[in-house]
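As recorded in TrEMBL, the features of this protein are as follows:
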- 94-111: disulfide bond (DISULFID)
- 113-122: disulfide bond (DISULFID)
- 85-123: domain 'EGF-like' (DOMAIN)
């Protein structure tokens, strides 16, 4: 159990000169690390950087680490130092059967909640499933406005029932993006944690950008992406589990998907165009510098066999050359496979 919840941070050619718990010889680093993990007093270890005459390494178990005894920590040429890094998930912080996903670099964690729970620690029971079940029982193919308790406030959302292009389910809208609008609704710099107006969903004739409260509070296993260009509306689905759409986007971390360029082009239709090399796709993608193609959700490609200067993209929350104000749709220049394109779309994002 200890080994599953810990890992070692290696500092090459360093030595911590403190009292040893035990010193012995081993065949490889695994045996040294295992001995440390099995000893409750062990916080770090020193290990030889090269094998002795018998082909073994010496190992020293230590009751302190470089943080506690920094003055005794120094460089050398004969050993490496390893300090135990406890997993941020070791305290089992996720409740109600949630899965803890550690981030060792920042010593933080994310909880991947079961579909009936939400919140930072999966501590809140969602009423969404109950409402969807009632809708299925009563009229399974009718979309309805329902009131969900997200946090302390009741929130009215539209549950789309049946298969409208993304498969059967009770799909909940989380965001609407107008590709002609300059400010993109899913730039993390614009994110605040106040509920926004619901007019963008309820008043269909008004082409407003809307980030619903469900953006922060609804866990899901599928994302429905839709683009409307003129009177044509097209859909694709991403299979992705998360505690909220915010948790996938707001931290700016890249999360890859594997839909393929042909699937992303379905959102645009026969007019879709992308450069032919180096397809990168997923969440928070950036292909090159800040002036090149990027997207909060989408794909970017290049006319060269690298990801240093992409000039084409399809996605939601997009930016970069050549039209940085096309925030949802298809931008393609510099030898794309279907000619230069500057197509702006209305984007809709729903989750299930």
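Placement of Cβ uses the backbone N, Cα and C atoms for every residue, glycine included.
Unlike curated entries, TrEMBL annotations are predicted automatically.
Quick caveat, the model's predicted, so the values are computed rather than measured.
For residue 111 (disulfide bond), the Cβ neighbour count at a 10 Å cut-off comes to 24, with all displayed protein chains included.
For the disulfide-bonded residues 113, 122, the largest tally of other C-beta atoms within 10 A is found at 113.
Under the three-state DSSP scheme, residue 94 (disulfide bond) falls in the coil class. The helix, strand and coil residue counts that DSSP assigns across the domain 'EGF-like' (85-123) are 0 helix, 14 strand, 25 coil.
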